[in-house]
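A.B. asks: Sharing a structure here in C-alpha cells format.
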There are 2 protein chains.
Amino acid sequence: MIDPRVASGLRDLLPAEMIPRERILATFRHTFSSYGFLPIETPHIERMEVLTGKGAGSDEVLRQIFEVTNKGGTPGELALRFDLTVPLARFVAKHIEEVGIPFKRYAIGSVFRGERPAKGRFREFVQCDFDTIGTESALADAETAQIIHESLKAAKVPPFTITLNNRKILDGLLESLDLAGKTGAVLRSLDKLAKIGRDGVAAELQRSDVEGNSGLSNDQAARILDFAETGRGGAEVLNAAENRLGTHPKAAEGIANLRTVFDLLDAGGVSSDRLAIDLGLARGLDYYTGIVYETTVDGWEKFGSIASGGRYDNLASLFISRRLPGVGASIGLDRLMALMGEAGCLGGTTATAPVLIANFPGTDPAVGFRMAAQLRKAGIGVEIYPEPAQIGKQMGYGSKHGHKLAIIVGPNEVAAQVFNIRYLATRHEDKGLAWSVLEDSVQGALQILEQEDLRS
Amino acid sequence: MIDPRVASGLRDLLPAEMIPRERILATFRHTFSSYGFLPIETPHIERMEVLTGKGAGSDEVLRQIFEVTNKGGTPGELALRFDLTVPLARFVAKHIEEVGIPFKRYAIGSVFRGERPAKGRFREFVQCDFDTIGTESALADAETAQIIHESLKAAKVPPFTITLNNRKILDGLLESLDLAGKTGAVLRSLDKLAKIGRDGVAAELQRSDVEGNSGLSNDQAARILDFAETGRGGAEVLNAAENRLGTHPKAAEGIANLRTVFDLLDAGGVSSDRLAIDLGLARGLDYYTGIVYETTVDGWEKFGSIASGGRYDNLASLFISRRLPGVGASIGLDRLMALMGEAGCLGGTTATAPVLIANFPGTDPAVGFRMAAQLRKAGIGVEIYPEPAQIGKQMGYGSKHGHKLAIIVGPNEVAAQVFNIRYLATRHEDKGLAWSVLEDSVQGALQILEQEDLRS
C-alpha cells in the first residue's frame, strides 16, 4: 500500500473550503470583468531563463524555484512559475501587437515556491492579478485601488484598509538626503519598520554591511524614520509632505499623483475611511516606481497584506525594447481565505444543491429522477441519494451536507401521486403535496427558509 | 534580451479564447453543483510514488511524467499530475472518513503530459471531472450520462451523441469464448476498430505477439468483431445481445444495467436521440468494470471523444484496503474548445464590459469615474479609457474590443450636464441625454441592441 499523503508543504482542499473559495473567485472574476479587464492564461511551466532573468524575482524567490523535467528533456530548462507577473511580462512581450494598448488583463492561477514548510505557508498558492499595461494615467492608478476595494467588498471581506504611497515621494526624500544610490537597500530596511521597530531599522540603516549600502549617518537614518513615522494618516498627510519636499520635482509629482487618486476614488464612491497613506510604505520589489498599494483587514493586520501592488515603469524590459509602463495588484487568495476562516465569515453550509431527494426503498428510482429533472429545469439544485438506504441514514447525509429540504416519496405516496417535503433543520414535514405542484411547493419552501435566515 | 517564447508544447491563452472558456467553465461548475457534486482541489504536484503506483497510469502516460525538484529536495520524489483520477484516489483514501460516502466531487484543473509536441496537442491541458464514490447504484451510472448531457447542452455544444456500453457484456462474451484471461489485450485491440478497421483488428487479435495474448483463432476473432460491429444502435441493440449472451450471468447483468440507465435517462429528460449503444466500446483503461461512456459531436467525430468515463470497482486500492466503487466522467476542455472554435460556435465579441466611457480631452476624468461607478452599481460593466487620447482612437479601441456602447462627455456636455451615447457598430449617437437618467438611458440602449441581436 502507498501512503496517501500529499507532498510536504502542499495540501488538499476539501468541499467546506472549496465552496466559499469558488464563490469568492467568481466575485473576483465578475468584478475584474465589470471594469473591462480581460482574462488570460499562461502555462504553469515556463522556460527557466524567463523566470531567472535579471530582476524577474528576488534572490530568495529564485532559490525557491521548482525545476521541471520530462524524459528526453534537458535538465534546467523548465520550471514552475513563482508568480503571475513574470509570465505577464513575457506574455505582453510576445502578444502586445495582437492585444494592443491599453491592455487590461486579469489572471487567476497557482504559483509555486519551495518555501520551508510552516503552518499556514504552502508551496502552491493562488494569486488573483489584474494589471493595466501601456498607460501612465493616474486614472488607472485610482482604478486599481477601486478594484481592490470593490473585489474585497463583493467577497464580503470584513472592514479593511487600503494603504497607499507613491515611491516618488520616498525617492525624493532620499535624493534630498544625497542617498539616491542607496534607495534599494534603504527601502528594504524601511519595509521592516512594523516588524523590527524604529531602533531595529535605524541600526540596520547605519550598518555598513547592508547589501549595496555603505552605512547611513545617525542623522540620515533619523530623518528617514521621522518622515515615515509621521507620514501615516489620511489625505492630510500629503500637506506635511508637501511642506517638507514640495520643491523637489519628483516628490511633488508623487504627492500630486496621490491627491488625484484620492479625488478620483472619492468620485468613484470609495469611502476615505477605507484609505490610508503611509509615506514609509515601499513594498520591497525594486520595480515599483510610482503608486504602491497594500491592504490589511482591520484587526487582522498580523495576516499581512491580502492585496498589494503598484505602478512600474517598464514591465517587459527583459524581453523587448518597447517601453511598457503599467499598474496592477495581486490578491492573495489563500491568505484571504485563511483570514476569513479565522474571522468566522465564510459561512457553514457545504451542500451545493439545496434539495435532497430520498431514494425510498421500494419506490421506482425513476420517480425521483423525473422530479429532479423537473426541479433543475426550474433552477433548483437537486441531489438524489443513490441507494435505497434506510431513510434515517439518508436524512443524516442531508443534514451533514447542509441540504435544506428533503423530498420523500414512498410507495404509498407514489400510489396517491403525492410527495412529502421535510425541513431538515427542524424535521417538520409537509405531507401529501400533489406532484402537479412540485416546483411551486419546493420553491415556496425554500423561500420560507430564506426569509427565516434573513430574520435571524 | 530573452526570447519571450513559451516552452515547447505549451501555449498562452489570449482573451478571445479565454472569454468563452471561462463562460463554459462557469456552466460546468453550475451544472455539477446543481446535481449536488462538491468541488475539491488537489495540488498540481504529487509524490512520485502516488503517480507511478501499479495501475495508476498506462506505461505511455508514465513515460510522459514531468518530474519536479526544488533546491534541497530529493530528485525523483515529486512530479506533476497527469490526470485528476489518481489524485482523486489518493484524496479519497486520505479523507474518506471525513467526507463520508456517497462522496460526489468535481474537480477542474490542469494536468501535464510530456507528449511529443504536435498541432493541437498540448503538454498542459484542463480536465473537468466529476465522480460519485461509494455506491454501485445504476442511478449514479445514469446520472453521470445525464450530467455529460446537461453540461454540454448548457455550454451550447452542437448536437452530440453519448455512446454507452457496459464492460460486463464484453467480459461475458470473452468468457463465453474461453478468452477470460486475455480481456485486456483483446479490448485494447477492439478499441482501435474505428481507426484501423475490421481487418486490422482481426490481424492484431490473431497475432501471438500482442502483449499478454497468445493469439486468437480466426473464428474467435470473427465472433468478437461480429458482435462489436452488429452491436451499434439504440436500446434495441440490447435485445440482440440478450439473445446471444442472456444466459451468461455477467453479460446479463451488464445488459440489465444499460436497460435501467436508458429508462432513468428517459425519466430524466435526456432524449434517446442523444444516446447510442456500442457493444464494442471498451474505453481502454483496465480499471473500468461496468458502464462506460464516450461522447462525440455529430459530424466532428474526428476530434475524438470530448467526454468519457465509466464505472470502476475499486478506486483507491493502491492506498487503502477499503473497497470504494464509483463512477465518473471527464470532459476534455481543450479538445472541446478546439472543436467549438472550428465549428464556429464560440461567438466573436471579446469585451467583458459592454460600455466604454471615453476619456475626453479637457474633461475632468472624475466625471467619467463617477458615471462608471454609478453604472456598475446598476449592474452594467463599464471600462474607462485611461488616457485623454483622440476620440477616434478611443472609439477604435472600443470597436476592436467589442464594446457595444461608448459614452462621450466633452467640456460642452459637462457644462450642460448631459452625455452622448454612441452605438459603436452603427456609429449612431444619441446626444444630449441628462446625467440624471444615466442608468436608464444606458440600460435602454443595451436592451435595444440585445433585441436587435435576437432578431438577426
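For all residues, glycine too, the Cβ spot is worked out from N, Cα and C.
No curator has checked TrEMBL annotations; they are predicted automatically.
Okay, these came from TrEMBL:
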- A:1-354: domain 'Aminoacyl-transfer RNA synthetases class-II family profile' (DOMAIN)
- A:Asp83, A:Leu84, A:Thr85, A:Arg113, A:Gln127, A:Asp131, A:Arg283, A:Tyr287, A:Tyr288: L-histidine binding site (BINDING)
A.B. asks: In whole Å, could you give the widest CA to CA gap in the L-histidine site formed by A:Asp83, A:Leu84, A:Thr85, A:Arg113, A:Gln127, A:Asp131, A:Arg283, A:Tyr287, A:Tyr288?
C.D. replies: 22
A.B. asks: Translate the DSSP assignment of A:Thr85 (L-histidine binding site) into the three-state scheme.
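C.D. replies: Helix, per DSSP.
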A.B. asks: Need the DSSP three-state call for A:Arg283 (L-histidine binding site) to compare against my parser.
C.D. replies: coil
A.B. asks: Hey, what's the Cβ neighbour count for A:Thr85 (L-histidine binding site) at 10 Å?
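C.D. replies: Its Cβ shell of radius 10 Å holds 24 other Cβ atoms.
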A.B. asks: Taking 10 A as the limit, how many CB atoms besides its own sit near the CB of A:Arg283 (L-histidine binding site)?
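C.D. replies: There are 20 such Cβ atoms around A:Arg283 (L-histidine binding site).
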A.B. asks: Using all protein chains shown, find which of the binding-site residues A:Asp83, A:Tyr288 scores highest when you count other CB atoms within 10 A of its CB.
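C.D. replies: Within the set of binding-site residues, the most crowded position is A:Tyr288.
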A.B. asks: In sequence order, which same-chain residues at least six apart have a C-beta under 8 angstroms from A:Gln127 (L-histidine binding site)?
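C.D. replies: Within the chain, A:Gln127 (L-histidine binding site) has Cβ neighbours under 8 Å at A:Asp83, A:Leu84, A:Ala107, A:Ile108, A:Gly109, A:Val111, A:Ser330, A:Ile331, A:Gly332, A:Leu333.
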